[in-house]
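Accompanying notes for the structure given below.
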């Protein structure tokens, strides 16, 4: 099972929608996928059959649904081991309930997953350097995992700086940037979209995997046709 970590230029860059589309694109190439949302902050309790409740995060549920997996307490816990109710920075949410998320715990969880798929799409929380605890970040987990990275660039004012800083740190850590996605995050495209896209293409060596249009009502399965992942499957 090959892990791929999906990060974004910021919290609302569109990681989940693009991850869903990525899963559908891989499935169209007869590739099976597992998903992992290691840490999620922003969840609601859902009643289970035994009248207990479990916190569930909408992004994690969407990722699971994209794979076609049946959602059960076990499959949810495998997909999202650390889930917190408030929609705040994960390390702060963990502190509020006296928990500690660590690189070691996340790595152990990944290694204990059934490695029964071709790919594991691992979606981050927020941006690249979101803290896990007082010393570690999600980027440290990706580095320990050794996973290649896909960067979702939310195409809006400020994205050039955010994208290039993120790429610089990915490369500084010796990680592979497998590609990036230009995701339009607003109904009206950013001013000078084409020029901004060209600047990113000029400065980011990794391939542009897809341009994703604004998707308030879009179907990620339909958007998957925009992705060119043939080099992934054939490598």
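Any Cβ shown, glycine's included, is placed from N, Cα and C.
What TrEMBL records for this protein:
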ACT_SITE  37  active site
BINDING   12, 13, 14, 15, 16, 17, 59, 123, 124, 125, 126, 183, 184  ATP binding site
BINDING   16, 59, 123  Mg(2+) binding site
Students should find that the Cα atoms of residue 124 (ATP binding site) and residue 37 (active site) sit apart, in Å rounded to an integer, by 6
As a whole number of Å, the Cα atom of residue 16 (ATP binding site) is distant from the Cα atom of residue 123 (Mg(2+) binding site) by 7
A correct count of other C-beta atoms within 10 Å of the C-beta of residue 16 (ATP binding site) gives 22
Around the recorded Mg(2+) site (16, 59, 123), other residues with Cβ within 8 Å of the Cβ centre, ordered by sequence, are 6, 15, 19, 20, 37, 40, 60, 62, 63
Across the binding-site residues (14, 124, 126), the Cβ with the fewest other Cβ atoms inside 10 Å is that of 126
Across the binding-site residues (12, 59, 123), the Cβ with the fewest other Cβ atoms inside 10 Å is that of 12
Taking every pair from 12, 13, 14, 15, 16, 17, 59, 123, 124, 125, 126, 183, 184 (the record's ATP binders), the biggest C-alpha distance in Å rounds to 19
Should one count Cβ atoms within 10 Å of each candidate's Cβ, the recorded positions 37, 184 would be headed by 37
Whole-Å Cα distance, residue 123 (Mg(2+) binding site) to residue 37 (active site), is 5
Rounded to a whole number of Å, the separation of the Cα atoms of residue 12 (ATP binding site) and residue 37 (active site) comes to 16
Reduced DSSP state (H/G/I helix, E/B strand, rest coil) at residue 123 (Mg(2+) binding site) is strand
Listed in sequence order, the binding-site residues within 10 angstroms (C-alpha to C-alpha) of residue 37 (active site) out of 14, 59, 126, 184 are 59
